[in-house]
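Taken straight from Swiss-Prot:
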SIGNAL    1-33  signal peptide
REPEAT    62-83  repeat 'LRR 1'
CARBOHYD  ASN72  N-linked glycosylation site
REPEAT    86-107  repeat 'LRR 2'
REPEAT    110-131  repeat 'LRR 3'
REPEAT    182-203  repeat 'LRR 6'
CARBOHYD  ASN192  N-linked glycosylation site
REPEAT    334-355  repeat 'LRR 8'
CARBOHYD  ASN406  N-linked glycosylation site
DOMAIN    439-489  domain 'LRRCT 2'
REPEAT    541-562  repeat 'LRR 12'
CARBOHYD  ASN571  N-linked glycosylation site
REPEAT    590-611  repeat 'LRR 14'
REPEAT    614-635  repeat 'LRR 15'
CARBOHYD  ASN630  N-linked glycosylation site
REPEAT    762-783  repeat 'LRR 17'
CARBOHYD  ASN762  N-linked glycosylation site
REPEAT    785-806  repeat 'LRR 18'
CARBOHYD  ASN801  N-linked glycosylation site
CARBOHYD  ASN806  N-linked glycosylation site
REPEAT    809-830  repeat 'LRR 19'
REPEAT    833-854  repeat 'LRR 20'
DOMAIN    927-962  domain 'EGF-like 1'
CARBOHYD  ASN1026  N-linked glycosylation site
CARBOHYD  ASN1079  N-linked glycosylation site
DOMAIN    1127-1163  domain 'EGF-like 6'
DOMAIN    1166-1339  domain 'Laminin G-like'
CARBOHYD  ASN1259  N-linked glycosylation site
CARBOHYD  ASN1306  N-linked glycosylation site
Amino acid sequence: MALTPGWGSSAGPVRPELWLLLWAAAWRLGASACPALCTCTGTTVDCHGTGLQAIPKNIPRNTERLELNGNNITRIHKNDFAGLKQLRVLQLMENQIGAVERGAFDDMKELERLRLNRNQLHMLPELLFQNNQALSRLDLSENAIQAIPRKAFRGATDLKNLQLDKNQISCIEEGAFRALRGLEVLTLNNNNITTIPVSSFNHMPKLRTFRLHSNHLFCDCHLAWLSQWLRQRPTIGLFTQCSGPASLRGLNVAEVQKSEFSCSGQGEAGRVPTCTLSSGSCPAMCTCSNGIVDCRGKGLTAIPANLPETMTEIRLELNGIKSIPPGAFSPYRKLRRIDLSNNQIAEIAPDAFQGLRSLNSLVLYGNKITDLPRGVFGGLYTLQLLLLNANKINCIRPDAFQDLQNLSLLSLYDNKIQSLAKGTFTSLRAIQTLHLAQNPFICDCNLKWLADFLRTNPIETSGARCASPRRLANKRIGQIKSKKFRCSAKEQYFIPGTEDYQLNSECNSDVVCPHKCRCEANVVECSSLKLTKIPERIPQSTAELRLNNNEISILEATGMFKKLTHLKKINLSNNKVSEIEDGAFEGAASVSELHLTANQLESIRSGMFRGLDGLRTLMLRNNRISCIHNDSFTGLRNVRLLSLYDNQITTVSPGAFDTLQSLSTLNLLANPFNCNCQLAWLGGWLRKRKIVTGNPRCQNPDFLRQIPLQDVAFPDFRCEEGQEEGGCLPRPQCPQECACLDTVVRCSNKHLRALPKGIPKNVTELYLDGNQFTLVPGQLSTFKYLQLVDLSNNKISSLSNSSFTNMSQLTTLILSYNALQCIPPLAFQGLRSLRLLSLHGNDISTLQEGIFADVTSLSHLAIGANPLYCDCHLRWLSSWVKTGYKEPGIARCAGPQDMEGKLLLTTPAKKFECQGPPTLAVQAKCDLCLSSPCQNQGTCHNDPLEVYRCACPSGYKGRDCEVSLDSCSSGPCENGGTCHAQEGEDAPFTCSCPTGFEGPTCGVNTDDCVDHACANGGVCVDGVGNYTCQCPLQYEGKACEQLVDLCSPDLNPCQHEAQCVGTPDGPRCECMPGYAGDNCSENQDDCRDHRCQNGAQCMDEVNSYSCLCAEGYSGQLCEIPPHLPAPKSPCEGTECQNGANCVDQGNRPVCQCLPGFGGPECEKLLSVNFVDRDTYLQFTDLQNWPRANITLQVSTAEDNGILLYNGDNDHIAVELYQGHVRVSYDPGSYPSSAIYSAETINDGQFHTVELVAFDQMVNLSIDGGSPMTMDNFGKHYTLNSEAPLYVGGMPVDVNSAAFRLWQILNGTGFHGCIRNLYINNELQDFTKTQMKPGVVPGCEPCRKLYCLHGICQPNATPGPMCHCEAGWVGLHCDQPADGPCHGHKCVHGQCVPLDALSYSCQCQDGYSGALCNQAGALAEPCRGLQCLHGHCQASGTKGAHCVCDPGFSGELCEQESECRGDPVRDFHQVQRGYAICQTTRPLSWVECRGSCPGQGCCQGLRLKRRKFTFECSDGTSFAEEVEKPTKCGCALCA
């Protein structure tokens, strides 16, 4: 209610003081009770259609139903619904909601229904419904959702109805519906779906409604599973059709054969299509703020899907990402910076960055990129920074940078580029800095242009140098004269180790042959060359690769075999292979032979051989394998020969060879098998399998030595006590605290204080950042293959000279954000491969000269955010970073005062001067003894490991001598005890305890209750030096020795003259009538079950009540109503036709039509039931025929029957043939044509048949599905418009002629129901037809018959009947086939089950008796019995008797029961025009029946009003409130 100052109702102005009172009251009520513009009724808050632009505030916490539909809300924030823990129904449809923040629904744990349809949602955040376990119905239809992420519905485990139709979904991530096991309804129709992950719907056993039609399904080999899934469920997923390829377009998916789902090419068949989610929210493993998505160091192996569309920067560095897929970043058009540095990226799709018009920084350094695809940087017009350094790029196309006109810094530093084509940098008009150093440039005539370019544009700042020819080696390119760049046959223009491929400016070079190897006839011979790793570049045509007799120790997972599609044999025998990385053979599906004989393998696991799908021969002879577990050979299903000869195998786990399905030869000889109980299974397995084994023999125990395994009896395989639990388990490849990917181990942010056990020995990257390390773990030196160590964000305060020993392969060391103050001079000794060192964010002030003497490869030093003291002692560092720009210009000086804030990189070295000794704080960082850390006069000594060490005087200890040895100094005695120090004794001190305490430190309270004197059940409570007694209710005194009389006048608790009775448990009050409670203080409410009627008010009295009647009523219970004249009925003057009754509905006359009739006065017959087979309807006066649009609804359970027929020679016929609709049409052409519906309609349900005839074309559609079309291209004739239109059949002579001319295939008349026949959009009235006998009005019988396990047929001879499913019988298909009627003995009658075990016989006319076996019974035993309110029923036991209607009793059903409410649950129906409309779901109410005393009527006393959706027979729908009674009683007749 809105109030305006000074104005009230229409009666006139309100006084100011009265307005203030009203305003204050309205403010108090509105602020706490209901949001503005909303209506609150009970627990329902209705805010629909009020123009809201945001969720209103102050929604009551107890709200159960909230209606916000029909507003202008644009966004749902996280806290909009906070605190609404009781909400069950939330209506948000028909708004403009574009985004819902994650967590918005977290508080609504009771939410059951949520409608978000008809909004503008583009994305669905993951985990949005994670706390809505009670959610059963979710409507997201008619939005713009583009993708369904994997965790979209995680948490909504009780979801039964999910509607996603009419969106723009093009991507469904695998597992998106996995949690929805109870789903019954799923709609995905009218989207842009092209493919669906395999088995997406297999876990939905209750699914009964499923829609997938109107999508863009591409029916290739990846969608073959869907066809089989739909065929197994023929009643759901109807009209799901293929949109491609062209040969399958328009076909139903379920009808396409498996062989027709094909993929072109082997690569496509193996590649399961994936989709990049076009919009999303912050990934769970990342952090997002201010448009920046930070996923650094999260162990990612792929770019996350479903990222925020609005992000401007994404940080993905320090992960394990191996490739950038097509369009990976294209959806994120606002991106300005992408950082993918320090990953494992080897492949980039050409369109990975397509469309990023705002991108200005792209960081890709520290990866494994070898090639830049054509056009990969196309369209990046605003790019200013491009870092490609520290990769393996060997070739740059001339047009690689043609769109980068605004690029200012390009780094190609540290790659494998040997030459650059002229014009590569021509388009870089804004370039200011170019890094080309650390590349093996061949300075021949092809590179002359680069020298000229660099002299003209001195922008190359990293010092790029020549590597070849020898005369120009190590000279800076920009300083060499042009004439020196020449091509000569006398010079060698290659770099040793790189001449295995040909140079080509287009980067399409094919490998010639690996260095030092021989290549002949597709055989690459690289044996006996002392190789330590497999050559990187091998010709793609290679069929056999010989690498035997080398020194290879580790087989790395480089993906090199993906390009060798012709490779058949790999020989790695006689090497030093001790480790094979998981996935090392990925892509080697064509390899059939792998030889690993004579190596150093100690264990094997299935991941080592992943990718060898076609392997047939695996040779593992002469290794060090000790056991075989059941994961050793998983996936090698094609292996026929497996040799494990001459290893150290002692045991084999059960099932170890079960996955080798093709195994025919297994060599286990020369192994020391221990034939104990763990190997008992193998003897039996070898005997049963028909494979060649060579009879392996036992080595242990002694009594079985040299006995073949197959010959050992099962009882002889026995174990000593305690050995049963042994066995062979796979070696753990990753610590429990860490995550491992290939050779990358991530143990970040795990609160570690020590290095976890189980780190693989071949680890190359180890991430220990974000932990609690105080020192560098000493075990790091045992991992000799380490290339990267990240120890940032720990608490490391010092390094030693041995912290990084034995790490010769280390290239990246990150020590940033620790507490380092001083670096020892030999801390980095031996790190000759180190390229990147980060000391950023520590407390370092100085570094000793020569500290980087061994790190000759160092190119990046991060030392910023340190308080550098830039005096003469740091001058060397300034000069060192300037050579090669090793420091990026971040580090600044913190002292002396005149150097404060100056950059280490740009400040001239001469400025670094010593004007006196550094401050004591600076000196103490590398000489902590200067800060006097030792306390209590301890002596400080420098220590190379612990930085310093204190020598403590007598009486003190600790690192800083801070701990006193005086045992009483810490006050060990508690509770006021006195400490006495002891010298030379076992105990360093003793305590003198006060009274009430004891123990070594006086910490124990003495138990004074040991000898207590509490009597009569009193409880002793210990105190300090004493105790007290807690007495029962009826005792008192210090020891509970005195009995208390609780019923004495002073203590009597009973009120209102109640009698007090003493009991052992205390006093008990016996109350007077009318009172209750423990002390009889409560006056009983006698009005609780009062019988006052007609709105009378009950007045409570002592032990009684009285009724205060409303005006005009009288009687003790106000049951006598006033005398009023009977009102005039609205039905007077209303004429209802065809036997309809007029009823009063809200003072409005309404005709209640009989079944089959419709119209305001029931004047039209709209539905008919064909009960005889030889009958029909005949229309003779039709307009605009034969150009007609015919629609009708049909229900039948028959296979054949005529629906429509018109014409003679030139005809149109519609018939039911074998359950399908068949249309035959002949407008004058010959021969006539016919089409059939794909659907069957003989299931007893109503189906809509739509037929459009226009000249020579006919369209047929069933239930609004895709139409079937037929064209006749003969000479056009007009059909005979004078011939009648027959419905449901036709005369015998017409039938015979049509059958003879093949116009119909089955002449059977229609048997079933037809309703709502429209011809040219005009609803037909069957009363205006020639109706033959056998056609009856109405199709309602099946609404009265419920079939539990079957389908209702409305037109059976005895009336509606159920066609039961297999295994069910009975009138309602509710009895099992093997129920009590199975094998019944009814002779002349029908068996009727009474319960699960017994039955009775319902006799035919003329028979009686319990088994209907007595002839001569009266044909009509009920003839003389007149039941007033019921019907007569005869049985063999009771004879003829009355069965009364509900509400009546008596022998003749003559007695009406008292007013009562009979519960009803059914659909509610109304009539609108000619259409019959009913609610979409049943509702519950009570029917008031019975009699009332006097002149009262039995009617509803309590009514419930709710809004329901109605669906009408003409296809329309609407919503309307329905009012139904929920409680009945006697009241004044209305």
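Every residue, even glycine, has its Cβ placed from backbone N, Cα and C.
Here the features listed in Swiss-Prot are painted onto the structure.
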| residue | record | contacts (Cβ under 8 Å, 6+ apart) |
| --- | --- | --- |
| ASN72 | N-linked glycosylation site | GLY51, LEU52, GLN53, ASN95, GLN96 |
| ASN192 | N-linked glycosylation site | GLN168, ILE169, SER170, ASN215, HIS216 |
| ASN406 | N-linked glycosylation site | ASN360, TYR381, THR382, LEU383, GLN384, ARG429, ALA430 |
| ASN630 | N-linked glycosylation site | SER653, PRO654, GLY655, ALA656, ASP658 |
| ASN762 | N-linked glycosylation site | ILE554, GLU579, GLU581, THR743, TYR785 |
| ASN806 | N-linked glycosylation site | SER781, THR782, LYS784, GLY830 |
| ASN1026 | N-linked glycosylation site | ASP1008 |
| ASN1259 | N-linked glycosylation site | GLU1250, LEU1251, VAL1252, PRO1267, MET1268, THR1269, MET1270 |
| ASN1306 | N-linked glycosylation site | ASN1200, GLY1201, GLU1215, TYR1217 |
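Cα-Cα distance from ASN801 (N-linked glycosylation site) to ASN571 (N-linked glycosylation site): 44 Å (rounded to the nearest whole number). Between the CA atoms of ASN1079 (N-linked glycosylation site) and ASN571 (N-linked glycosylation site) there is a gap of 99 Å, rounded to the nearest whole number. Between the candidate glycosylation sites, ASN571, ASN801, ASN1079, the densest Cβ environment within 10 Å is the one around ASN571. Secondary structure counts, DSSP: the repeat 'LRR 3' (110-131) has 0 helix, 3 strand, 19 coil. Beyond the ends of the repeat 'LRR 18' (785-806), by six or more residues, the same chain brings 297, 318, 342, 554, 743, 748, 761-776, 778, 812-831, 833, 838, 944-947 to within a C-beta distance below 8 angstroms of the stretch. Secondary structure at ASN1306 (N-linked glycosylation site), taken from DSSP and collapsed to helix, strand or coil, is coil. In the three-state DSSP scheme, ASN1026 (N-linked glycosylation site) is classed as coil.
The secondary structure of ASN1079 (N-linked glycosylation site), as reduced to three states from DSSP, is coil rather than helix or strand. A strand conformation is recorded for ASN1259 (N-linked glycosylation site) in the three-state DSSP classification. Helix, strand and coil content of the domain 'EGF-like 6' (1127-1163), in residues and according to DSSP, is 0 helix, 10 strand, 27 coil.
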